[in-house]
Amino acid sequence: MAGDQLHVLNALDVAKTQWYHFTAIIIAGMGFFTDAYDLFCISLVTKLLGRIYYHVDGAAKPGNLPPNVSAAVNGVAFVGTLTGQLFFGWLGDKLGRKKVYGMTLAVMVVCSVASGLSFGSSAQGVMTSLCFFRFWLGFGIGGDYPLSATIMSEYANKKTRGAFIAAVFAMQGFGILTGGIFAIIVAGVFDAQFPAPAYKVDPVGSTVPQADYVWRIILMVGAVPAGMTYYSRSKMPETARYTALVAKDAELAASNMSKVLQVEIEAEHERVEEIARNRSKSYGLFSKEFMRRHGLHLLGTSSTWFLLDIAFYSQNLFQKDIFSAIGWIPPAQTMNAIREVFMIARAQTLIALCSTVPGYWFTVAFIDIMGRFAIQMMGFFFMTVFMFALAIPYEHWTHKENRIGFVVMYSLTFFFANFGPNATTFVVPAEIFPARFRSTCHGISAASGKLGAMVGAFGFLYLAQSPDKNKTEHGYPPGIGVKNSLIVLGVVNLLGMILTLLVPESKGRSLEEMSGENEDNDEGSSFSNNHH
């Protein structure tokens, strides 16, 4: 196999883990840091925006965003991300990873800062400008998915490639924690500086005018770490696989990687030209030949990511009920506006510390030992088990004395999402497709994941409403209730397990071997026969 491979790619495959691998993780992971920071903070911010801009005089409870506004603020970023994944994924194969990489970061930084600035001070003006910039922020973040994964997989050596790609994704964990800790600090400082009575004591006075700065500061600071890596990104050389296999420039690939790896690599013009000749008669994206070789793989990576995100993003529904239920967050009317941000941030950060973040790093530690397939199957399996265990005796969990049990089960579900399909669905599409489609195919898989996120975040908002129309949340039609929603989620995870069977194992194999690019020279691929 390796005899067929270009020396420069072989050098990358067998390279020892070096300093440049770690700098690449930080540089590539910054997009996910911003992504997670932003997604985490928006839930804190929406509560506060409801109090500031949708206050109703004389109401027993603090102001809340109307359902359509809340859906717009949260949903518009998803739509942006989905668009960005498809667009930049395609562009990354057309123009090269590096050129596009700086663009996505610049978009993210500018829009992050802009989402904290708003035009006008009316509720409508603020919401419109927030939604506008959150769309474009999502667009930049979306571009980061296929590019970061592809860059990391093309830089890594084959022995620890899974861990490196997973580590880029695990930067989300740091984003969540940073978002949480920063929100706690900001809210703590403002609450101490501008004390205010609880809502039930003085409805108007409970939201101090300075509260308007709190959400703006929290949103804008998310851009700072990403902005700091902009320079490093612009200095990162184009990946050798793109340069040699797609752009066909042997000299540049060899000289770039000699710098990075600090070894001498000779340029192989003849080999690159030979690959180019074979490539000119090679198949295009979505051609018959592509479908024969990679159709089922693309279906597998897209469908598993879609199903996982339905389950993963439905968590936001249960989060508020869970926190209020265990008494981590007192009733809204007993707090002032800034105090509420502090309490929610504290609760969410604790959950993240206990379940979300450790899951990511378990994947990083075990992915090159257990393999992608085993981790994904195991994750879906446990998520199914815990969802059913929460759903079937749902009555039992609603009693006060069983609440801690509920939280433990709930945390375990998300531990196994991250030590499971949430991480592996990100890793695998960056490994199993040919270099010239790699970033496009990763973008398609990621976009179908975001589609699932929308179903999870919005579909279940409506589904989880009580079937009794007198008990639904304000402005929502009756649904199927929480118990049935959890059963549906259990089934979704079960489907995820079945569809995981379509995805090949890529542990310890070179990228060219996985994608069948070494064998493109002699028509006919042995790859389709050695699936598992």
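Every residue, even glycine, has its Cβ placed from backbone N, Cα and C.
For reference, TrEMBL has these:
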type	residues	note
COMPBIAS	514-523	compositional bias 'Acidic residues'
DOMAIN	24-508	domain 'Major facilitator superfamily (MFS) profile'
REGION	510-532	region 'Disordered'
TRANSMEM	20-45	transmembrane segment
TRANSMEM	100-119	transmembrane segment
TRANSMEM	163-190	transmembrane segment
TRANSMEM	213-231	transmembrane segment
TRANSMEM	349-367	transmembrane segment
TRANSMEM	373-392	transmembrane segment
TRANSMEM	404-423	transmembrane segment
TRANSMEM	443-464	transmembrane segment
TRANSMEM	485-504	transmembrane segment
(request) Please work out which recorded stretch in 20-45, 163-190, 485-504 has the most C-beta pairs separated by under 8 angstroms from the transmembrane segment (213-231)? (result) 20-45
(request) Could you tell me whether the transmembrane segment (443-464) and the transmembrane segment (349-367) are in contact, taking contact to mean 3+ Cβ pairs under 8 Å with a sequence separation of 6 or more? (result) no
(message) Out of 20-45, 100-119, 404-423, 443-464, what stretch is closest in contact terms to the transmembrane segment (485-504), meaning most Cβ pairs under 8 angstroms?
(response) 443-464
(message) Can the transmembrane segment (163-190) be said to touch the transmembrane segment (20-45) if we require at least 3 CB pairs below 8 Å and skip pairs under 6 apart in sequence?
(response) yes
(message) Are there residues at least six beyond either end of the transmembrane segment (20-45) with Cβ under 8 Å to its Cβ atoms? List them, or say none.
(response) 73-74, 77, 81, 104-105, 108, 112, 134, 137, 140-141, 144-145, 147-148, 151-152, 155-157, 160, 164, 167-176, 178-180, 183, 215, 218-219, 222-223, 225-226, 228-229, 232-233, 236, 260-261, 316, 319, 341, 344-345, 348, 352
(request) Determine which residues of the chain contact the transmembrane segment (373-392) at the Cβ level, with the cut-off under 8 Å and only residues 6 or more beyond its ends counted. (result) 304, 308, 311, 363, 366-367, 406, 409-410, 412-413, 416-417, 419-425, 428, 483-484, 486-487, 489-490, 493-494, 496-497, 500, 503-505, 532
(request) Calculate the per-residue pLDDT averaged over the domain 'Major facilitator superfamily (MFS) profile' (24-508) and state the result as an integer. (result) 86
